[in-house]
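Below: one structure, written as structure tokens.
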Amino acid sequence: MNATTPAHRPQLHIDTRGQGPDLVMLHGWGVNSAVFTPLHEQLSEYRVHYVDLPGFGLSQPIAGDLSTWVDALIHALPANAIWAGWSLGGLVATQAAIRYPSHIQGLITIASSPCFMAREEEAWPGIPPQVLSMFGEQLGQNLPKTIERFLAIQAMGSETAKDDIKQLRDLVLARPLPDAAALTQGLDMLNQIDLRPQLSAIQQPWLRIWGRLDGLVPKRVQPQMPTANHITDVMLAKASHAPFVSHMEEFLQAITPWLAQFKD
């Protein structure tokens with residue numbers, strides 16, 4: 001479906017498939033919801049809403065910050081859904097769970113961090129500032145090449161990196177390239193957003209999936225995250241930043257039993 005909203009709220013492209021509890025899937029920076037195509041059949045027991053984030057894929061850009069994006073998504077998606085976000089999408093889903101707890105029944109973050117930027121003064125592991133700066137500078141020069149480089153970094157470390165990059169690229173390029181302003185918005189979010197002080201507000205069941213070989217969200221993030229009875233961590237030993245591509249079977253083994261709690 002395409003979520004049509006009042007004229008002042010731009011259109012979001014949402015591809016809804018399957019039957020069952022509502023599950024929202026949010027992609028990462030530089031790509032679109034087509035990256036989740038391999039999961040369509042595997043998640044058919046859920047009513048899955050594959051969302052193109054604002055300015056990505058077939059969605060129109062939405063000016064503003066992370067909160068603006070979250071507000072637009074909340075208005076376009078069913079209440080009482082499970083929200084799953086990969087990378088930047090995980091940041092969006094986390095903010096949504098914090099701001100709209102009654103709308104979100106459960107949270108899944110995949111290779112995602114509440115604070116993507118490395119903070120040396122706090123010994124917080126993350127992306128070195130110069131890496132995000134480099135991508136920001138390259139955006140104005142060669143958009144397709146910049147996205148391809150980013151895809152390569154996401155697969156780095158995986159034993160099947162070459163195949164992973166090709167699969168990601170083929171899926172992503174089936175839709176229009178992202179809007180340049182949306183890419184800058186996304187980089188700013190990765191650069192500036194720090195949700196760590198607000199994580200205690202998340203009381204919904206929360207599944208966090210990590211890749212031990214992830215070059216963007218280092219494995220050292222996980223031990224520094226809050227723990228509680230409603231939180232489950234799964235570290236995939238041989239996965240990098242795109243575990244649902246490189247290790248789909250292990251990824252599904254992590255999410256399938258966890259999702260089952262919402263079927264009753």
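Each residue, glycine too, has its Cβ placed from N, Cα and C.
Together with TRP29, SER87, LEU88, PHE150, LEU151, ALA152, ILE153, GLN154, Swiss-Prot lists one candidate of HIS230, HIS241 for binding substrate, that being HIS241. For the substrate site listed in the record, the two most distant Cα atoms among TRP29, SER87, LEU88, PHE150, LEU151, ALA152, ILE153, GLN154, HIS241 lie 16 Å apart. The two recorded residues SER87 (active site, nucleophile) and TRP29 (substrate binding site) have their Cα atoms spaced 7 Å from each other. In the three-state DSSP classification, TRP29 (substrate binding site) falls within coil.
For ASP214 (active site), the spatially nearest entry among the binding-site residues LEU151, ILE153, HIS241 is HIS241, judged by CA separation.
According to its DSSP assignment, ASP214 (active site) is coil. The binding-site residues in question are LEU88, LEU151, ILE153, and the one with the fewest Cβ neighbours inside 10 Å is ILE153.
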